[in-house]
Amino acid sequence: MQLNPSEISELIKSRISGLGADAEVRNTGTVISVTDGICRVHGLSGVMQGEMLEFPGNTYGLALNLERDSVGAVVLGEYEHISEGDTVKCTGRILEVPVGKELLGRVVNTLGQPIDGKGPINAKETDVIEKVAPGVIARQSVSQPVQTGLKSIDAMVPIGRGQRELIIGDRQTGKTAVAVDSIINQKGKGVFCVYVAIGQKASTISNVVRKLEEHGAMEYTIVVAATASDSAAMQYLAAYAGCTMGEYFRDRGEDALIVYDDLTKQAWAYRQVSLLLRRPPGREAYPGDVFYLHSRLLERAARVNEDYVAKFTNGAVTGKTGSLTALPVIETQAGDVSAFVPTNVISITDGQIFLETDLFNAGIRPAINAGISVSRVGGAAQTKVIKKLSGGIRTDLAQYRELAAFAQFASDLDDATRKQLERGRRVTELLKQPQYQPLQVWQLAASLYAANNGFLDNVDVKDILPFEKGLHDHLKTKFADLVNRIEDTKDLSKEDEAALRAAIEDFRKSAAF
């Protein structure tokens, strides 16, 4: 075969023109050491704090320590395949997670990857996990309620949309139960929920997900799970990932509720990461910025005004405020609320629900200590009917606890004191509530009205809860119009109050209590 010289030159030219000679300029470094999910990397001269790094095997890490001659990075996920001498690349990006309604009903890990075996999540948007909280001008005061469906909380420690309310107590006092009941009660109320499980057993998280599915709550809930078997870095970042998913709804004029269960384990994970990065330890071996760890997370829970939402959505959503309500959980050791992390979170939040082991063991569940549980802003958000009726309950309980302690030493009591003690016993019994059975507003209103107006005084303490259930059934079947009016208006007019009194008296005549 004979080739023409001109053809050869044309062939060479066409081959040369087809070559891609674009050089990719990337900042690279070398792994010096890898221990317990922490990598020391030499090089990476242009790396930024919090930047994502690309390791071999499609693994990513986060640059946390920027030192003179090396970078300390945490590996997100498996790190066993990374070895000394491997090449690490800068990505120029910070950590992002998928956000949007596509995540509802799913269980994801810290990076937003599905772990429930239901296939991929086709989220159209992603967002950074570390964001600056809305400023003072962008916020609006808390004025709408988040109904938890728990009598003792809605009556005495009300929570508003955009509030941060701490749930604090020893292990096995029902902290998760309060949070899960609150999520179940949001059904049909237009509140999206995010449940962040940090450092819990996988079996415990699976049980929570099963309960949410049974009550139809997974339709509006995202579960972010960083189990005890996940790395410390994944546990520390899970709360921020969940917060970003919740902010998606807040910034678009929707209402969201996020539960961090629990921030004690997040602080432990952060302490572990910090000590492995050789940061100097402080009180209780926590690093110096452990307060900032929680404050920058909880400040992102807020109620934002209409202007903020309109500006964020470029005018697509107008006339709507958005909110993200946070229920952080803190586990105490032997009731010690003066430890480092509990005091930090108490000072950051807008109130706390304190759960006590003694009350829990005495069968008073939810085991809420009414004396030291407070809500600093929720009173403004309480529904009118509950606000009218709940004033007496807290006073009754406080006086009852005081008198009960005093009555142990007194042999003869006057009638007024005895009456006060009897009323207190009945109110304490009335505030007991089984798990996964949240109440609607009208049910709570009927129970409080009956307690305040002496309808329970002649009922045996052991019959209080059956009496309450019977009363609710009676109202629902025979006085449906009254029930609907209270539920719709969230108020109790004089006519409705008279009708409610007549309905309770009607029930008293027919019931065998």
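The backbone N, Cα and C atoms fix where each Cβ goes, and this holds for glycine too.
The ATP binding site annotation in Swiss-Prot covers GLY169, ASP170, ARG171, GLN172, THR173, GLY174, LYS175, THR176. The annotation site 'Required for activity' is assigned in Swiss-Prot to SER373.
Around GLY169 (ATP binding site), the same-chain residues at least 6 positions away in sequence with a Cβ under 8 Å from its Cβ are LYS175, GLU331, THR332, PHE354, LEU355, GLU356, THR357, ALA367. Those residues of the chain, other than GLY169, ASP170, ARG171, GLN172, THR173, GLY174, LYS175, THR176, with a C-beta within 8 angstroms of the mean position of the ATP site C-beta atoms are GLU331, LEU355, THR357, PHE360, ALA367. In the three-state DSSP scheme, GLY169 (ATP binding site) falls into the strand class. In the three-state DSSP scheme, LYS175 (ATP binding site) is classed as helix. Around SER373 (site 'Required for activity'), a 10 Å sphere centred on its CB holds 22 further CB atoms from the protein chains shown.
Cβ crowding, taken as the number of other Cβ atoms within 10 Å, peaks at LYS175 among the binding-site residues ARG171, LYS175. Taking the Cβ of GLY174 (ATP binding site) as reference, residues of its chain lying under 8 Å away and at least six apart in sequence are, in sequence order, LEU355, PHE360, ARG365, PRO366, ALA367, GLN435. Counting only the Cα atoms, the space from GLN172 (ATP binding site) to SER373 (site 'Required for activity') is about 18 angstrom. The highest number of surrounding Cβ atoms within 10 Å, among the binding-site residues GLN172, THR173, THR176, is found at THR173. All chains included, 17 other C-beta atoms sit within 10 angstroms of the C-beta of ASP170 (ATP binding site). Here the C-alpha separation of SER373 (site 'Required for activity') and THR173 (ATP binding site) works out to 15 Å.
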